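Trainee: Would you mind keeping the following structure in view while I ask a few things?
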Amino acid sequence: MASLSRVLRVAATCPRGRAAWNLGLQPLATEARPTTEKSVPYQRTLKEEAQGASVVPQGPSQPLPSTANVVVIGGGSLGCQTLYHLAKLGVGGAVLLERERLTSGTTWHTAGLLWQLRPSDVEVELLAHTRQVVSRDLEEETGLHTGWIQNGGLFIASNQQRLNEYKRLMSLGKAYGIESHVLSPAETKSLYPLMNVDDLYGTLYVPQDGTMDPAGTCTTLTRAAVARGAQVIENCAVTGIRVRTDDFGVRRVAAVETEHGSIQTPCVVNCAGVWASKVGRMAGVKVPLVAMHHAYVVTERIEGIQNMPNVRDHDASVYLRLQGDALSVGGYEANPIFWEEVSDKFAFGLFDLDWDVFTQHIEGAINRVPVLEKTGIKSTVCGPESFTPDHKPLMGEAPELRGFFLGCGFNSAGMMLGGGCGQELAHWIVHGRPEKDMYSYDIRRFHHSLTDHTRWIRERSHESYAKNYSVVFPHDEPLAGRNMRRDPLHEELLGQGCVFQERQGWERPGWFNPQETAQVLDYDYYGAYGNQAHKDYTYSRLLGDEYTFDFPPHHHMIQKECLACRGAAAVFNMSYFGKFYLLGVDARKAADWLFSADVNRPPGSTVYTCMLNQRGGTESDLTVSRLAPGTQASPLVPAFEGDCYYLAVGGAVAQHNWSHINTVLQDQEFRCQLMDSSEDLGMLSIQGPASRDILQDVLDADLSNEAFPFSTHQLVRAAGHLVRAIRLSFVGELGWELHVPRASCLPVYRAVMAAGARHGLVNAGYRAIDSLSIEKGYRHWHADLRPDDSPLEAGLAFTCKLKTSVPFLGREALEKQRATGLRRRLICLTVEEEVPMFGLEAIWRNGQVVGHVRRADFGFTVNKTIAYGYIRDPSGGPVSLDFVKNGEYALERMGVTYAAQVHLKSPFDPDNKRVKGIY
């Protein structure tokens, strides 16, 4: 039997593109022969795609029902978990259709690893539920063992930044009661004697991590689901999705078609894995994912490896999974092989392993566990996996088709995320929204212009695959799929040193570096596939400089922008914002129902408000301006009958807002429409004590407090161009937003800059907004304000019209919450020591962990680190203001605690004078 070291020698001498097994290493090839590997649930012939399909039994495993409440397509991990959780929620008439047999496609050959700690609180919760389902719930319900093995997990750090990341994970784990330990190299050696620790800085050990058996888990899931009335039908390929259009012109799912008949249903769940895009096309739904080859090898027996924890050596981009008395070795490479033509006939097929691609993982594995150099290879597994543009799954209801849900694109994490995601998807289907904040997985996180853009999907999916094991730094940005959407000021700001961030395809200003130009170049695939890697790439170098959990090297440049805004004025290009018009005969009714605040004030008023879901969770925060009819239609005042409201929403979440509003309009059958003018209008925000003096030279309007109060808007002329000026602030200063027709953006910007030159006006970006807004206590949606947070918990009760009798979406939930008391509450904490924090730090109160930080940044005006997070009472009681005030607090950063002071109001300008122009 060939050893791993021989593979390295052969690969080193083998010409590029030539198969290593042509040199006589037949045992290393995935040839067509029977296999009975433990990880393979069925005795099949493993073949390349070109060698043909496995034999498929004729006819479905049981008769098709004529109707179903829900049809799940795909019998892999997500399909089985979703069916199980639908059944647990009491959904009758739930049917799972599998083209071949359960686990076919990807699930059957997955490694089945479960790691409990990830740099996301929501993912930690999802993983915890999966672990509970496979390690306890299923066995209690069915009496069957799922194949769960708890052997622990070990993360390897071979540099200080990686160890810092692990310390952050350890602190987050304390908020969830997850046991973990940061070990020294010597302690690691004691735990794992076969490991080379000479190059280690340390490790993170999580004793209760483990592995799952895909076949055992899926079999047990479906048995439990069937016991609750669900149906599982194998050998039944879906051939089409029938769609109907209702009386309001809304497309809805009507039926699922198969070769053996159709099933009428209002709801379809696409859990088809690498075939999900094809299923989406059947219904006219865009599914942005790509299929790639993903591989691991299984070694021969290794003496002394039994009971060792699974290992992730992130810096070597390799994992080592315990498999009895052997190891599975796999990882993520910079040059994965795309599966260009996804075959329908590949249910239990495997590809031949490309040793040129896989060799790098062997090198990393041998370095970490040297005994592998002399260990033989028992088998290779190279199968298809689906990957997405941001390495997050695709879930939720498709914006193109009501009743069509996604549960696909799991980036090799479908087993470990399956339980949590299956539960949330079931809630999504039954209740309209998930229980947790699933925005990072929601298909609506992508702008509709990107979800069928082939180049963008391919580039971003490649980069997310290649960086799967990279450290997750706070200020990282993608290099792939850039320059998709640029506003009219892009080139102007680039020439002034703007370092851009990417959000929903938009290039938005991050911060300014006047010393050099940082153009974002076309994606080079990190030099893979014959591409020439960029040299002297300024933008990439600036990003790399910020790869730290300390204060970044450009910290002082963000400081200059912030202090200029507080002391004089700054201009923020916010043109990437979503800008919608809600108009029509029922627009007022829709506004009453959609918005938590009373927006039905006289035309000329602007209101900060939230949009809620049925459970009272916050789906959005935004500003709504009521408009008066114009004399003629324009980008600033569309023609309308009835009422019209102008909505300005964060650009990073604009598609989510658009979809949420349209869903509510459809459900309530309001006779109004939502018009998207995001590309037609730019947006400049001029903020600071000098903003009035600057703009008074540019605008033809009286900007005094009496003539132009806070939270009002007017149509004015700026340097001769008609604009909408709104007196608002995202940073806690006197200031105005200018909403400008696209063609006028550049001349208006130049006029503002010219007028501001003598007042000290500077360009500033979103890094400055992050710091300035946290000082003032303004919320950021999807950070300290999410769909699982109510406005009452978040300190935003003032945005809710609870003192009126006007019904609005989520009102009943808020009234119930107010009556029973808040079980958690958002608090503000500051740390006297100058220490960087970015979120996920544990919050200690009186010696107990009571929560974790959602959002943190450094406040340059107060010269302190500021953190916001939700806390609970460990006894389970309501969290009152007295509970908040009467505690001693500390924040744990990377295992070190820092004393913290709690604030009931924002630490900067708590009396709210500056936005009123009182300095």
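Keep in mind that glycine also has a Cβ here, set from the backbone N, Cα and C atoms.
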Trainee: For the candidates LYS88, LYS560, LYS801, I need the one that Swiss-Prot annotates as N6-acetyllysine.
Mentor: LYS560
Trainee: Can you tell which of LYS345, LYS467, LYS864, LYS885 Swiss-Prot marks as N6-succinyllysine?
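Mentor: LYS885, according to Swiss-Prot.
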Trainee: From LYS378, LYS816, LYS913, pick the one Swiss-Prot annotates as N6-succinyllysine?
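Mentor: Among LYS378, LYS816, LYS913, the residue Swiss-Prot annotates as N6-succinyllysine is LYS378.
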Trainee: Which site among HIS109, LYS278, LYS535, TYR778 has the most other CB atoms no more than 10 Å from its CB, taking these as modified residues?
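Mentor: Checking each of HIS109, LYS278, LYS535, TYR778, the winner is HIS109.
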Trainee: Three-state secondary structure of LYS378 (N6-succinyllysine) from DSSP?
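Mentor: Where LYS378 (N6-succinyllysine) sits, the three-state DSSP reduction gives strand.
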Trainee: Does anything in the same chain, at least 6 positions from LYS905 (N6-succinyllysine), have a Cβ under 8 Å from its Cβ, and if so what?
Mentor: GLY777, CYS828
Trainee: Here's one to test understanding: among the modified residues HIS109, LYS278, LYS378, LYS535, LYS885, whose C-alpha is closest in space to the C-alpha of LYS803 (N6-acetyllysine)?
Mentor: LYS885
Trainee: Please compare the modified residues LYS378, LYS392, LYS803, LYS885 by how many other CB atoms fall within 10 Å of each one's CB, and tell me which has the fewest.
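Mentor: Checked LYS378, LYS392, LYS803, LYS885; of these modified residues, fewest Cβ neighbours within 10 Å: LYS803.
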Trainee: To the nearest whole angstrom, what is the C-alpha distance linking TYR778 (phosphotyrosine) and LYS885 (N6-acetyllysine)?
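Mentor: Cα-Cα, rounded: 21 Å.
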Trainee: DSSP on LYS905 (N6-succinyllysine), three-state: which is it?
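Mentor: It is coil.
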Trainee: Going by Cα-Cα distance, pick out whichever of the modified residues HIS109, LYS278, LYS392, LYS535, LYS885 is nearest to LYS378 (N6-succinyllysine).
Mentor: HIS109
Trainee: Find the shortest Cα-Cα separation between LYS535 (N6-succinyllysine) and the modified residues HIS109, LYS278, LYS392, LYS885, and name the residue that gives it.
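Mentor: Of all the candidates listed, LYS392 is nearest in space.
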Trainee: In whole Å, note down how far the CA of HIS109 (tele-8alpha-FAD histidine) lies from the CA of LYS885 (N6-acetyllysine).
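Mentor: Per the Cα atoms, LYS885 (N6-acetyllysine) and HIS109 (tele-8alpha-FAD histidine) stand 53 Å apart.
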